Amino acid sequence: MFSEIQEKIHSGEGITFQEAAYLSKAENLDILQILSMAAQVTANFANKKIDLCSIVNAKSGSCSEDCKFCAQSVYYATGCQTYPLLNSVAILEAAKRVEEKGIHRFALVTSGKNLSNRDFDEVIKIYQVLREKTSLQLCASLGLLDTSRALQLKKAGVSTYHHNLECAESFFKRICTTHTYQQRVATIKSAQSAGLKICSGGIISLGETMLQRLELAYELKALGVDSVPINVLNPILGTPLAGQQIMSSQDIIKTICLFRLILPTISLRFGGGIKESLGELRVLGFPAGINAVIIGNFLTTTGYQIDRELSVIRSMGLNIS
């Protein structure tokens, strides 16, 4: 079946679920074949260009939801830093620092199921300031969203809405019971209806099977998202997943390869947990399919220093787009 899949890849097609399931069983030398196929697709799509974005944790902690991986949930004692919505001065300062580093995309991320009307109105004002005082492409990750709010974000200058599915629908109730998978899907569709691009992916190594990872990839494909962040669980003390065993580096790279073969023309973005799970092996993620990176710190965990990561990316002959 390898040769048949290779022919399909040459024609620019994504692979089927059955083909992905077959490749997912590969071990050792066969993984190198999968990596080679994924590298070919990545080269054709990305042309050695890397899209970089950075985020600011604009409102932290006190989240009403019970996502079992999250340090910000009120259900778990994690010692997470808690603070209300940052003001426009603090956020503009963070945005300017990002822009000075040559990063062109910036997102506000807020904790909670969604924002109160008061906080949402304030966020709209903040985006208006960012649009006037920076040249950054603006993204938002504000929880559940309806079409009315999506249209307001679009008008304020936001181009992309981020809202992860987190995992396959068949696994979702294992990690969250306070809202439904369909509410997440509805948020994505609301943002799309307002003309926003969609950044949506998930977290791997939550305890799901490889087939459920593939299920997530095909659900994202069906939704027509534009960018897929791939996060690896970083177990947080105090959460129910604190003792969860993390996948091997080999399985993480194989998963990235399969996502690239399933989603040949969608940006695959390194998200959180990469530093802890892959370390220096993260460089293998780029030929495997990664053509975008969330750079800098995350919500409650630290990433690689921006200057160091930029140096690594450039040393691989990749161009920042």
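Backbone N, Cα and C define each Cβ position, glycine as well.
Feature annotations, reproduced from Swiss-Prot:
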type	residues	note
BINDING	CYS63, CYS67, CYS70	[4Fe-4S] cluster binding site
BINDING	CYS139, CYS199, ARG269	[2Fe-2S] cluster binding site
DOMAIN	45-275	domain 'Radical SAM core'
List of residues, in chain order, with Cβ under 8 A from that of CYS139 ([2Fe-2S] cluster binding site) and at least 6 apart: CYS53, ARG105, PHE106, ALA107, LEU108, VAL158, SER159, THR160, TYR161, HIS162, CYS199
Other residues, Cβ within 8 Å of CYS63, CYS67, CYS70 Cβ centroid ([4Fe-4S] cluster site): GLU65, ASP66, PHE69, ALA71, GLN72, SER73, SER111, CYS176
Cβ-centroid neighbourhood (8 Å) of the [2Fe-2S] cluster site, CYS139, CYS199, ARG269 excluded: CYS53, ARG105, ALA107, THR160, HIS162, SER227, PRO229, SER267, ALA292, ILE294
C-alpha spacing of CYS70 ([4Fe-4S] cluster binding site) relative to ARG269 ([2Fe-2S] cluster binding site), in angstrom: 20
Cβ packing number for ARG269 ([2Fe-2S] cluster binding site), 10 Å threshold: 22
Mean predicted confidence [pLDDT] for the domain 'Radical SAM core' (45-275): 96
Other CB atoms within 10 A, centred on CYS70 ([4Fe-4S] cluster binding site): 24
Which listed residue (CYS63, CYS67, CYS199) has most other Cβ within 10 Å, given these are binding-site residues: CYS199
